[in-house]
C-alpha cells in the first residue's frame, strides 16, 4: 500500500512538472540552431567573449606601460629640454632629437640606454604601436652596425612573437569578428606555402604586401607555428633593417625619412625579396616535374 502511495505521488509530481520550454512557467530551453533566438544567444556570447578579451588586453597593456615607466624612472637625471625629447619618435626630427639625448648618456650609462631602447622597441612591436622604424634608424646612430642589426632583428622577432601570443590568448574574437575575410584569404596563401613557410614569412617581412600588425595577430589564428614565425620574422626584418640602420648613420645630417632611403636600397630589397621566395618556387617546380 505504501508503494501505491509513492507511485501515486510520483505520478502527481510528473503531472505537475513543467516541460522544458513551457511559456506558462517562464522557462525556456536552448534555442534551435538557425532560429532568431539562437542567433541572439550566439551574438551575446561573442560580445561577452570580445569584452573579456578586451579587458585582459587592457590589463596586460597597463602592466607593460608600468614596466616602461620603471625603465624611464631608472634613466639618468635629465634636464627639462632633454625630458621633452624623451618620447617615441614620429618623424626624423624627433629621431634626431632623441638620438642627441641618448648619445650623450650612452657611454656613461651604457646598460640603462640599451635596456631602455630594447624595452621600448619590444613594447611598440608587441602592441602594434607605430614608431619602431625610427628606432631602427636610431640604432644606426647609436651603435656599431653588427650590434644595431642584431638588436633590431631580435627586438622585432621578440616583439612580434609577443604580439602573436597576445592574439593567441585574447585576440581571436577580434580576428573572427573584424578580419574574417582577410584572414581566410591569407590562410589559403599559408596553406599553399606550408612546406616552406619560413621562406614565405621572410618574403612577407621584406615586402609591403601585408602590414606587419596583420601578420602578427592573424598568424596564431591560422596555425602558423610560433617557432617558424619567430625565425621568419628575425631573418625577414634584416634587409629592411639594413636600410634603416644605414640611414641612421646620416642622422646628424638634415635629411627626411624619404631622403634617408635611396632607390638603390629599395632595389636591393626587391632582389632580396625575390631570393627569399626562389627556393620555394624551385621546390614546387621540381615536385611537379617528378610527379
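Each residue, glycine too, has its Cβ placed from N, Cα and C.
Residues or ranges marked as compositional bias 'Low complexity' by Swiss-Prot: 21-34.
According to Swiss-Prot, the phosphothreonine annotation covers 18, on the basis of similarity to another entry.
Swiss-Prot lists 35 with the feature phosphoserine, giving similarity to another entry as the kind of evidence.
Under the heading region 'Disordered', Swiss-Prot lists 1-38.
Confidence across the region 'VTT domain' (140-251), taken as the mean pLDDT and rounded to a whole number, stands at 89. Among the features that Swiss-Prot reports, region 'VTT domain' is placed at 140-251, with the record citing similarity to another entry.
Tertiary proximity for the transmembrane segment (52-72) is limited to same-chain residues at least six positions away from its ends with a CB under 8 Å from its CB atoms, namely 86, 115-116, 119-120, 123, 126-127, 166, 169-174. The annotation transmembrane segment is assigned in Swiss-Prot to 52-72 (among others) on the grounds of sequence analysis.
Sequence-distant contacts of the transmembrane segment (109-129) (same chain, at least 6 residues past either end, Cβ-Cβ under 8 Å): 61, 64-65, 67-68, 71-72, 74-76, 88, 102, 135, 138-139, 142, 151-152, 155-156, 158-160, 162-163, 166, 212-213, 216-217. As annotated by Swiss-Prot, transmembrane segment applies to 109-129 (among others), with the evidence given as sequence analysis.
Residues 56-57, 60, 117-118, 121-128, 132, 135-136, 139-140, 175, 212-213, 215-221, 226, 229-231, 233-235, 237-238, 241-242, 244-245, 248 of the same chain sit 6 or more residues outside the transmembrane segment (147-169) yet have a Cβ under 8 Å from a Cβ within it. Annotated transmembrane segment per Swiss-Prot: 147-169 (among others), in sequence order.
The transmembrane segment annotation in Swiss-Prot covers 197-217 (among others), and the record cites sequence analysis as its basis.
According to Swiss-Prot, the transmembrane segment annotation covers 225-245 (among others).
According to Swiss-Prot, the feature transmembrane segment maps to 262-282 (among others).
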